[in-house]
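Q: Okay, so Swiss-Prot annotates it like this:
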ACT_SITE  E123  active site, proton donor
ACT_SITE  E268  active site, nucleophile
SIGNAL    1-27  signal peptide
Amino acid sequence: MALTRNRPFVVVLLLGFVIMSTITIGAQSIGVCYGRNGNNLPSASQVINLYKSNGIGSMRIYDPNSDTLQALRGSDIELILDVPNTDLQSLASDASAAATWVQNNVVNYASEVKFRYIAVGNEVLPTGSNAQYAQYVLPAMKNVQSAITSAGLQDQIKVSTATFSAVLGKSYPPSEGSFSDDVSSFINPIISFLAENGSPLLANIYPYFSYTGDTQNIRLDYALFTASGVVVQDGSYQYQNLFDALLDALYAALEKAGGSNLKIVVSESGWPSEGGTAATVDNARTYYKNLINHVKGGTPRKSGAIETYLFAMFDENQKTGLETEKHFGLFTPGQESKYQISFS
């Protein structure tokens, strides 16, 4: 399960207004994160049926839940499977523990479940609330990679970790994006590992948190993809939305750190429907619909579809932290669509 997020505040100037109202989803670029932190959620088999009936072709789960993995058998749904932060130390310290984890949670299902990525840790930094896990991320990634390779799955399943915008020391303008000094020694070896193994970097990208952290300088239309014209001119790059700016700042940081060939997969992005500033059903609907439409075309810095996972499938009434954390769902626990988004 994704932990409570502390998002960096990104200062950007904004202009304009336009609303995009219709959407179709690129089946190869959109997934939805499935969190289970609620006491009123459907069964795993019901959830898989809901994905299939809505044409959602990819899923992220935050731990190797056996009911979910079993329900995924034969579904053709592609999967990001997380190694929870609490498991990092054991998998980093003992290669046999990593091999057992991979055998039990991946190999045993791999003939019928379409694993795409293993996310070894979520939003871990050497500073902040998850700092105690930082030293274990790369060793755990290496041990999981070794186990995946031993199973002959290295071409099918890529090992990565899920980061977020807090790794950036500078993010504006996007071309000046760079990793903060206290993060560089942590992230640079991870970048080298990803490059060596042909794996993407997973990144949770949230314009919502950037906007709510600095509403004096960031306008809502820029965060919602509804600005009518160029908001940020960054050399030859023109930005009409904050999502692109955040993602390209991370790409710029990767380039400066020797990871210019790495792909970024957006492993989470969403907007809450209640519980905080600008958290309304209308804003969330606008964000999700426009995001789905937008990621088919790339960013100013990187062309091509952006593989993206929406956060999240359901409202989760047992999430901790900010009240907004409970209200990111695309569906209610009763399996009703909150936004009437077409997935076909």
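Using the three backbone atoms N, Cα and C, a Cβ is placed for every residue, glycine included.
Can you tell me where each of these features sits in the structure?
A: Secondary structure at E123 (active site, proton donor), as computed by DSSP, is coil.
E268 (active site, nucleophile) falls within a strand segment according to DSSP.
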Q: To the nearest whole angstrom, state the Cα distance for the pair E268 (active site, nucleophile) and E123 (active site, proton donor).
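A: On Cα coordinates alone, these residues lie 11 Å apart.
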Q: Would you mind checking how many other C-beta atoms are within 10 angstroms of the C-beta on E268 (active site, nucleophile)?
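A: E268 (active site, nucleophile): 25 neighbouring Cβ atoms within 10 Å.
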